[in-house]
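Taken from Swiss-Prot as is:
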| type | residues | note |
| --- | --- | --- |
| CARBOHYD | N318 | N-linked glycosylation site |
| MOD_RES | S22 | phosphoserine |
| TOPO_DOM | 1-87 | topological domain 'Cytoplasmic' |
| TOPO_DOM | 109-151 | topological domain 'Lumenal' |
| TOPO_DOM | 173-224 | topological domain 'Cytoplasmic' |
| TOPO_DOM | 246-330 | topological domain 'Lumenal' |
| TOPO_DOM | 352-391 | topological domain 'Cytoplasmic' |
| TOPO_DOM | 413-428 | topological domain 'Lumenal' |
| TOPO_DOM | 450-556 | topological domain 'Cytoplasmic' |
| TRANSMEM | 88-108 | transmembrane segment |
| TRANSMEM | 152-172 | transmembrane segment |
| TRANSMEM | 225-245 | transmembrane segment |
| TRANSMEM | 331-351 | transmembrane segment |
| TRANSMEM | 392-412 | transmembrane segment |
| TRANSMEM | 429-449 | transmembrane segment |
Amino acid sequence: MQHKDTAVAKDTAKKRLLRRNSAPSAIHIISRLDKKWSFLWNTIDRHNIVEEQDESSAAKSEEEHEDDYELEQLLNMIRIPMFLEKFMLFALLTSLDCFLYYFTVLPIRLIKGYVKQFKSYRQHYRLQQRSGHKNKIPFRYRITSREYKERCMIFIIVISSILLSKLDTSKLYHRIKRQSTMKLYMLFSVLEMADKMLASLGQSLLTVMLSRKNSERILLHKCLLVSMSLTYVTIHGYVLVYQAISLNIAVNSYSNALLTLLLSMQFAEIKSSVLKKFDKEGFFQITIADVVERFKLTLLLSITGLRNLQSWSSSLSNTSINFWSPRSTLSIVINILCGPMVSVVGSEVLVDWAKHAYITKFNRIRPQIYDKFYYIIYKDYSTRTHKLEDRLGLPLPAFVVLFIVMVRPTLFKSSEPSYLPSLFRILFMGASVFLLALLAKFTLDLILIKWSKRIEQRFRDQAFNTVVTEEEYVPGLLSGGMGKVDVSTRIALHSDYNKENRIETESVSPMRKRKTTLTAECTPPSLNDIRRQKDSKNPRSLENVARYKMVSKRIW
């Protein structure tokens, strides 16, 4: 019994000893947790102290209004469509005025020049009759440089239209329609690139051919330049005919695959241009490119609408007259003419809004810079020269050839079931189209003249110029990447640890005191400094911007 009692006593003593040893371990764990929580709170407090120190430092004083600037940028993105569409509307109307010039004013001037030449010939013939037949002087009429330009342009347009009128557009339509979606995507891309390359080449070629020096060259050089220009206009017109038929297929397809493909190509412009660094010249050039793109889309869709309207009217003539009603006819006509424009041009407008809004945001540009573009286009239009056409890079002769080739069969097919003779019907349709174009040109000129007077009065009161200053930019740091680097960080990144011009910064810690020498001499200029130096070096550089001129890193 005594042995059992001693064993039980030993076990009890061991348990008590274990309890005593376990109690301090729990206390130790709690104390360690306390230390961790205190370290965490000290870290949070330290971050708060650092933020308070940063807010009170001199480096933060320049960025104290950064929130206001960010709010201004958001408001500018909302205001961009108003400024952009005002510029676009004026530029598109002036482009349409230049386009109608080839159908109205140019033929009138050509006829006037030939009438003047005929009158001089008749006057010379009468003088020869009065003086007798003894001293015969051969008749020589020296044409002016303007008459030479007009005759060359009419000759090129007429011959190119005759050559391209031999194309069977229905065969081209079905040949393109049979292709797969991937091939059509490649076709759209190739035609777009070919259009830009030919437009750039044609602008230089036509400028040389229509120059004043060319009218004084020998006949061989003149014929060579005219033949080269004729070849260019014919090839460019052929490319534009392919573009018009491809767009017609995409718009008229029963499935939305081709139209979706076309819209996706438009939205691809955002990816290629938004996340880029722009200067004022590049921004003006991409705005001009958007004007040309929208004008070309409107022209191609107008041709598509006229061809669809002609095919619908021919199918309507084969049906019974009992199914016709004015309300249904008007709705069908509106659907044919306005349906493609709403989908394609509407998406183009939305893409332009988003693209310009983000370009101005990333490059910290205020929308008032569109007034500079607006004023430059107004000055080009008011001079009544080809400067506007050269700045915009509009291939108007190729557009005129495209319109004649695609619309001429439509107009004459619509008048086929007529009792009039064929020649008289052609003359009647030609005269009707000419009078309508002349009326549109006259109305458009009145609108633009009135608009130009308002622009002149507005900018005269403000003493406006095309110089871009710091007022056209939102204050703040520009960045080539996704983040921003302030001045002190840039100095630290580009420090050279030299002895000259060093800046000593001390960071005191409880353990030790450390000195770091930073050099501001070797720090390269920031993006803001580069832009400021470039603007001050050439303040009126916007006036030298053209569509196909390398004024920035690339041509848009």
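Quick reminder: no glycine exception, Cβ is built from N, Cα and C everywhere.
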For the topological domain 'Cytoplasmic' (173-224), the DSSP helix/strand/coil residue counts are 43 helix, 0 strand, 9 coil
Mark yes when the transmembrane segment (88-108) and the transmembrane segment (429-449) have three or more Cβ pairs under 8 Å (sequence separation 6 or more) and no when they do not.
-> yes
Over the topological domain 'Cytoplasmic' (173-224), work out the mean pLDDT and round it to an integer.
-> 85
Could you give the residue numbers and ranges of same-chain residues that sit at least 6 residues beyond the topological domain 'Cytoplasmic' (352-391) on either side and whose C-beta is under 8 angstroms from one of its C-beta atoms?
-> 73, 76-77, 79-84, 86-88, 90-91, 94, 97-98, 203, 207, 210, 269-270, 273-278, 280, 283-284, 286-288, 290, 294, 448, 452, 455-456, 459, 464, 466, 468, 471-476, 478, 542-543, 545-547
